[in-house]
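So that you can see what the record holds, here are the features copied from TrEMBL:
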- S110: active site, phosphoserine intermediate (ACT_SITE)
- D60, D337, H341, D378, H379, H454: Zn(2+) binding site (BINDING)
- D60, H171, T173, E332: Mg(2+) binding site (BINDING)
- 1-17: signal peptide (SIGNAL)
Amino acid sequence: MISPFLVLAIGTCLTNSLVPEKEKDPKYWRDQAQQTLKNALRLQTLNTNVAKNVIMFLGDGMGVSTVTAARILKGQLHHSPGEETRLEMDKFPYVALSKTYNTNAQVPDSAGTATAYLCGVKANEGTVGVSAATQRTDCNTTQGNEVTSILRWAKDAGKSVGIVTTTRVNHATPSAAYAHSADRDWYSDNEMPPEALSQGCKDIAYQLMHNVRDIEVIMGGGRKYMFPKNRTDVEYEMDEKARGTRLDGLNLIDIWKSFKPKHKHSHYIWNRTELLALDPYTVDYLLGLFEPGDMQYELNRNNVTDPSLSEMVEMAIKILSKNPKGFFLLVEGGRIDHGHHEGKAKQALHEVVEMDQAIGQAGTMTSVEDTLTVVTADHSHVFTFGGYTPRGNSIFGLAPMVSDTDKKPFTAILYGNGPGYKVVGGERENVSMVDYAHNNYQAQSAVPLRHETHGGEDVAIFAKGPMAHLLHGVHEQNYIPHVMAYAACIGANRDHCASASLSGSPSPGPLLFLLALLPLAILF
C-alpha cells in the first residue's frame with residue numbers, strides 16, 4: 001500500500017510548477033511586506049470625520065473559513081491559483097472579531113444576532129427587535145421590550161435609509177431593522193399562532209409597511225407575504241406555493257403606496273427589467289420584490305427577471321445619495337447561509353463572491369472620507385476545507401491523498417454535520433464516483449442532519465471610513481451599531497457632535513478623535 005504521506009509528497013513535487021515565477025524570488029515577498037508596512041503606517045493618521053453615510057454589508061453565515069474559501073474561488077474564477085487573491089473586504093484597513101452568542105444560545109441564530117448588530121443589544125434566539133426579556137413565541141412578552149435599530153436612528157436624524165437582501169425582506173436579518181417580534185418565523189399572519197394574533201401581535205410583513213413608513217428603498221424577495229391568501233403570483237401563476245399567504249385579506253403593496261406623499265415618486269417593481277429601466281434620480285421610494293420567497297441563488301439566477309445583488313446595491317445607492325444629509329443602507333448576502341445549511345458549498349461561496357462584487361460597487365460610488373462601510377457576518381457554519389491541498393487546487397476539488405482509514409478519496413471542503421453524510425454498502429461514499437463539482441453537490445459531513453448547523457466561533461468585522469478604527473479588537477456583537485451611530489452622529493450618543501457644533505468647527509473630527517479614546521457611553 002502506498003502511504004498517504006508519500007502521495008502528498010509526490011503531489012507537492014508535481015505542483016511546484018504552479019508556483020508563480022515571481023514568488024520564487026525572496027525580493028517579491030520582502031517588497032510586498034514593506035509596502036504593506038508603509039500602508040499600515042499611514043493609518044496612524046486616523047479618519048475622524050463624521051460619517052455622512054453608513055453602509056453595512058452582512059454576509060449571513062459568512063464565517064472566516066467561508067471568507068477564505070470565497071477568496072480562493074474569486075481568484076480561480078479569474079484563472080489564478082486563488083490563494084493570493086484579495087477580496088474587496090480584504091482591502092479594508094481595520095479588522096476585528098465579533099462574539100456572536102445569543103443571550104440564551106452558545107451557537108446563535110440569525111434573529112438574535114441581527115438584533116445585536118442592528119439594535120445594539122443582545123437578545124434571545126429567534127427573536128427580532130426586542131430585548132432578552134422577550135421569550136420566543138410568547139407574544140405577551142413583547143410589549144415594553146422593543147428596541148430600535150440604527151435604521152430608525154438614521155431616519156430620525158433625517159437621513160435616507162434602505163434595505164437590500166437576497167432573502168425575503170421580512171427574513172431574520174432585515175426584519176430586525178424595523179420589526180419587533182417574538183418569533184422570526186411570523187412572516188405573515190398565516191404563520192402566526194391564533195393566540196399571538198388574539199394578543200395583538202403583528203406579523204413582520206405588516207410591520208415592514210407600518211413601523212417605519214418612509215423607508216426609501218426596500219429590495220429583495222418575499223412577495224407572497226404581501227398579498228391575500230391564494231392570490232396568484234404575477235410570475236409563477238401555476239405554482240401554489242408562490243400564492244399569497246395573508247389571512248387578513250390585506251394587500252400590503254397597496255398600503256405601501258397609500259402611505260407615500262402624493263408629490264413623491266414611488267415605484268413598486270417585481271423584475272430586473274423594471275429595475276434597470278428606472279431613472280434613480282426621479283425615484284423617491286422604491287419597493288422591489290423579485291421572488292415570492294427568497295431570491296434565487298446567484299448560480300441559478302434568471303438574468304431577465306432577477307437582478308443581482310450588485311445591481312440592487314447600485315440602484316439603492318443612487319437613490320439614497322440624493323439626500324444631502326446622507327443615508328444608512330443595510331445590504332444582506334442572505335443566501336450564503338442557505339447554501340451552507342443545504343450542504344451546497346458551491347452555492348454558498350458563489351453568493352459570497354457576488355456580495356464581494358457588491359462591496360466593490362459600493363466602494364466606487366462612495367468615498368472613505370464621508371462613508372463608513374462595515375462588512376461582517378451574523379454567525380459562522382460548521383464548514384471547513386483542508387487536506388493538505390496543493391497551491392491552486394480547485395477549491396471544490398479533492399485532497400491529494402486518500403484516507404488512511406477507509407482508503408477512499410475526499411474533497412477538501414467538508415462539513416461537521418449536514419445532509420452530505422452518505423453511507424454506501426456500509427461504508428463512506430466514494431466521492432470519485434460522483435460529480436463533486438456540481439453546483440448542488442452536497443459535501444460530505446461527519447454527522448447526518450437534514451440541515452447543517454451554524455458554527456459558534458467568532459466572525460470577522462471589516463471596516464473602512466470615518467471612525468473605522470473603533471472596530472479594532474474582539475468585541476461583543478452588539479457593539480457594532482454603537483460604533484456606526486457614533487461615527488454618523490445619530491442615535492442617543494451624540495454629545496461629541498453637539499460640542500463640536502458649539503465650538504464653531506465645521507468638522508468635529510479632532511474632537512471625535514479625542515473622545516474616541518475615552519470609553520464610549522452606551523446610552524441607547
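Any Cβ shown, glycine's included, is placed from N, Cα and C.
Any TrEMBL annotation is an automated prediction that lacks curation.
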For the recorded Mg(2+) site, whose residues are D60, H171, T173, E332, find every other residue on that chain with a C-beta no more than 8 angstroms from the centre of their C-beta atoms, and list them by sequence position.
L58, S110, A114, T165, T166, T167, A172, P174, G333, G334, D337, D378
Among the binding-site residues listed here (D60, D378, H379), which has the Cα closest to the Cα of E332 (Mg(2+) binding site)?
D60
Work through the recorded positions one by one (S110, H171, T173) and name whichever has its CA nearest to the CA of H341 (Zn(2+) binding site).
S110
Around the C-beta of E332 (Mg(2+) binding site), how many further C-beta atoms are within 10 angstroms, looking at every protein chain?
29
When a 10 Å sphere is centred on the Cβ of T173 (Mg(2+) binding site), how many other Cβ atoms does it contain?
29
Between H379 (Zn(2+) binding site) and the residue listed as 'active site, phosphoserine intermediate', how far is it from one CA atom to the other, in Å?
7
Binding-site residues compared (H171, H341, H454) - highest count of Cβ atoms within 10 Å
H171
Using C-alpha positions only, work out which of the recorded positions S110, H171, T173 is nearest to D378 (Zn(2+) binding site).
S110
I want to check the contact list for D337 (Zn(2+) binding site): same chain, sequence separation of six or more, C-beta distance under 8 angstroms. What comes out?
D60, G61, S110, A348, H381
What is the separation, in Å, between the Cα atoms of H454 (Zn(2+) binding site) and T173 (Mg(2+) binding site)?
15
In all the protein chains shown, the tally of other Cβ atoms within 10 Å of the Cβ of H379 (Zn(2+) binding site) is 28
